[in-house]
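Trainee: Structure incoming, see below.
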Amino acid sequence: MTVTVDPALLADARRERRFFLSLSLPALFIVGLAAILPILWIIRQSFLTTGGEYTIGNYAKVLSSGLTWSALATTLELSLGTLAICILLGTPLALALASARPRVANLLMAFVMLPLWTAILVRTYGWLVLLRRDGLINAALTGSGLTAEHLPLVYNFTGTLIGMVHYMLPLFLLPVYAAMRDIDPNLVRASASMGATLGQVIRTVIMPLSAGGIFSGSVIVLIYSIGFFITPAVLGGGKVNPLSTRIERALSTFQDWGSASVLGILLLVLMALIGVMLLAARRLLAQNAVAASHA
Amino acid sequence: MLEAYPQNRLARIVLWSFAALVMAFLMLPTLVVVPLSFSASNLLEFPPHAYSLRWYENFFGSATWMAALRTSLILGTLTALIAVPFALLACISMNRLGGKTAASIQSILLTPSVTPGILLAIGLFFVLAAQRLVGTLFGVLVGHVVLAVPVACIVLLPALARFDWNQVQAARSLGADWARAIGGIIVPQLRLSLLSATLMAFLTSLDESVISIFVASGRNSTMPKLMFVSLRDQIDPTIAAISTLWTAIVVVVVVIVALRQKS
């Protein structure tokens with residue numbers, strides 16, 4: 001038996017769908033104009049000479065330069081270093097916050113989120129003040145006799161890494177904290193009553209249940225770290241050059257639009273590769289979870 | 001969560017000392033600039049030997065900084081005024097369409113927030129250069145709106161999901177057109193979420209630095225661009241004064257939003 005629907009009603013439903021679709025148009029238009037068109041333009045520009053003729057010379061020039069490959073290495077070192085430190089610092093902090101009473105946890109979270117609400121240049125300036133040769137941290141270190149000489153903490157890799165971890169840590173913390181908050185405390189109580197030690201509970205109950213949050217946090221950290229510009233540009237002092245600062249130098253200092261575009265495309269390719277790897281990792285994680293629940 | 005382990009006091013102390021250190025690390029750079037901004041000295045000495053308001057006078061007395069402040073405030077306001085209505089319409093559309101269509105619209109709208117700022121910045125620079133629009137307020141505005149739209153969507157989408165659509169159905173059946181239904185029912189009911197979305201969009205524009213650095217210039221330089229340029233050249237306590245004012249304003253805004261949402 002077939003149900004016959006009044007064609008006028010069908011037309012009405014179609015018209016309404018078109019209307020709802022049209023409500024998205026202004027937002028889609030601006031994204032097309034100011035995000036998608038610019039990316040396409042970078043691709044176009046990477047094949048153009050300064051005179052505007054088509055060439056693959058830009059690629060030959062950029063890919064044969066040792067600077068490009070060292071920039072690629074620096075980008076990966078900074079991103080993976082930032083991620084590793086975020087996991088080391090953020091996971092215990094999230095565990096402490098998740099185990100606190102809700103009122104205390106909310107208050108502490110507000111403080112943890114303070115950097116997120118502080119302008120990036122304000123924070124970068126704060127780190128410059130703290131890490132300079134005669135800055136606060138060096139004064140404290142030499143004053144207390146921990147070190148005899150001033151440590152080079154800024155305008156180098158160390159300073160850049162500190163600034164980047166400081167930016168990424170709250171972003172990493174949010175999903176990890178949310179995942180740990182969602183763990184049923186009865187699971188921990190049950191494990192304790194069955195004689196599991198604290199270490200065993202953390203290893204076999206808390207960590208597997210917060211793996212999803214740690215994964216999301218890691219994805220966020222990687223996505224933001226790969227193209228991060230302000231921190232390396234200021235705290236790196238010209239000595240730390242990931243792809244982002246190379247792009248700026250090619251564009252602003254050398255007016256070399258072609259090279260800047262090729263470097264931009266390398267950044268895009270790197271993002272895509274990491275995206276594919278993360279998708280594969282998520283699938284593996286899900287499979288492991290299924291396998292574990294069947295075991 | 002760990003209250004089942006009252007006997008592990010040592011582990012708890014270690015965990016909380018570690019947490020306290022990490023929290024100190026997170027707050028340190030924001031807090032350290034406050035005393036510095038009231039220093040009377042040219043040097044970045046800590047703690048300052050004498051206090052003064054000279055760096056604040058320096059900031060408010062400088063035509064360059066004031067022009068940048070004006071540009072940033074205008075840009076932030078325009079960004080919020082454009083991005084929030086765009087985001088609201090898009091969220092209504094996604095909410096009503098549902099399914100795969102809504103998911104694809106959402107992934108397109110979120111693209112700018114996962115694209116590295118440096119790529120958006122140079123791409124926008126190329127596009128604007130072809131239209132001879134580099135250095136104009138319009139160029140930076142377009143860049144800020146595209147970053148603020150996803151931020152506003154993240155605030156508005158859950159609010160619309162909680163919204164009772166029967167009210168709109170009722171209004172429509174009584175003869176209200178869609179403009180009336182949106183303006184008369186959806187907007188007033190979502191006013192708190194719209195306020196948060198507006199402030200978030202404003203803050204997104206205010207804090208945006210990479211697009212500004214590449215696309216803004218001269219009279220249209222924003223605060224972050226000017227701070228970036230002066231941080232690279234020299235660091236004097238004027239920036240500490242700006243940083244303190246900036247953080248104070250943002251904290252006040254965030255506290256107001258948090259309190260209003262609670263009440």
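Any Cβ shown, glycine's included, is placed from N, Cα and C.
I grabbed these lines from TrEMBL:
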- A:19-43: transmembrane segment (TRANSMEM)
- A:72-278: domain 'ABC transmembrane type-1' (DOMAIN)
- A:78-100: transmembrane segment (TRANSMEM)
- A:107-128: transmembrane segment (TRANSMEM)
- A:153-179: transmembrane segment (TRANSMEM)
- A:213-237: transmembrane segment (TRANSMEM)
- A:257-280: transmembrane segment (TRANSMEM)
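Walk me through the surroundings of each of these features.
Mentor: Packing against the transmembrane segment (A:19-43) from elsewhere in the chain are residues 261, 264-265, 268: each is 6 or more residues past its ends and has a CB under 8 Å from a CB in it.
Taking Cβ pairs closer than 8 Å, the transmembrane segment (A:78-100) reaches residues 108-109, 112, 157, 160-161, 164-165, 168-169, 172-173, 176-177, 180-181, 183, 202, 206, 210, 213-214, 217-218, 221-222, 225-226, 228, 232, 240, 242 in its own chain, all 6 or more past its ends.
Sequence-remote contacts of a segment are chain residues at least 6 beyond its ends whose Cβ falls under 8 Å from one of its Cβ atoms, and for the transmembrane segment (A:213-237) they are 75, 78-79, 82-83, 86-87, 90-91, 94, 120-121, 124, 127-128, 131, 154-157, 159-160, 162-164, 167-168, 171-180, 243-245, 248, 267, 270-271, 274, 278, 281-282, 285.
Nonlocal intrachain contacts for the transmembrane segment (A:257-280), taken as residues 6+ away from its ends with a CB within less than 8 angstroms of a stretch CB, comprise 39, 42-43, 45-46, 48-50, 55, 57-59, 61-63, 68, 71-72, 75, 219, 222-223, 226-227, 243-244, 246-247, 250-251.
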